[in-house]
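Report on one structure; see the data block that follows.
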C-alpha cells in the first residue's frame, strides 16, 4: 500500500512547528510528546515513535467531513476523510504515539506536510484516555480540520458520503481503502468502541458496491 506521505512533486512545505511549550507535555517526561491519530494515522503513522497506545478522546465525534484532493481524491473529485467535531457527548477512538528527543521535530515536520500542507488540518490539544489505563489520561496533539479550511466539505447524508468515497482515488490509494481500514481498526478496539457515523457509511458502501463495479472487482477492493 502506498504511504500517506508527500510525493516528489508535492508543493513546497511550510516551516515545521518548533517543539515548545505550545505543544502538550506530560509531567512524566517533559521532553516527550504524544500525538493522537484517529484516521489514517491509526494504521500508517509513517514516523518513528517510542510507544503507542490505543484509547479514546472525549468531547469529540469523528466525521467524514473533510475533503481530500491529494491522498484519497483529486481536485476534480475530492475524497472524504475524517476530522473531529466538538460534541459534548462524543467519544472518538484512535491511537496515541509517543515521540521523544529527535523524534519530536522529525515527526512534526513530516506531519506538517502530510496533515497541514496537503490535508488542511490544524493542531489542537486533546486529552487522551488509554484503553488499558483510562484513569491515567495524557495530553496529546491532534490534527483537526475546521470549517475555515478550504478543503472542508461539511455534513452530508451517509449515503452521499458513501457514494463519494466509492468514486474517489488519490496518491495514497482508493478512498474505500481508507474507510475499510478505519472500520477494521474500530472492530479491533472491541464492542465498547462505537462510531455510528462510520458504521452507517460502511453499511451504505456494502449496499452500493456491487452497483459500482463487477463482483470480482468489488471483492478485490474489499
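Using N, Cα and C of the backbone, Cβ positions are placed for all residues, glycine too.
Residues annotated as compositional bias 'Low complexity' in Swiss-Prot: 1-22.
Under the heading region 'Disordered', Swiss-Prot lists 1-24.
Residue 37 (substrate binding site) falls within a strand segment according to DSSP. Counted within 10 Å of its Cβ, the other Cβ atoms near residue 37 (substrate binding site) come to 21, all protein chains included. What Swiss-Prot records for 35, 36, 37, 38, 39, 40 is substrate binding site, and it gives similarity to another entry as the kind of evidence.
Summarising the annotation, Swiss-Prot assigns active site, proton acceptor to 115. Of all Cβ atoms in the shown protein chains, 24 besides its own fall within 10 Å of the Cβ of residue 115 (active site, proton acceptor).
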(request) Could you state the whole-number distance in Å separating the C-alpha atoms of residue 38 (substrate binding site) and residue 115 (active site, proton acceptor)? (result) 12
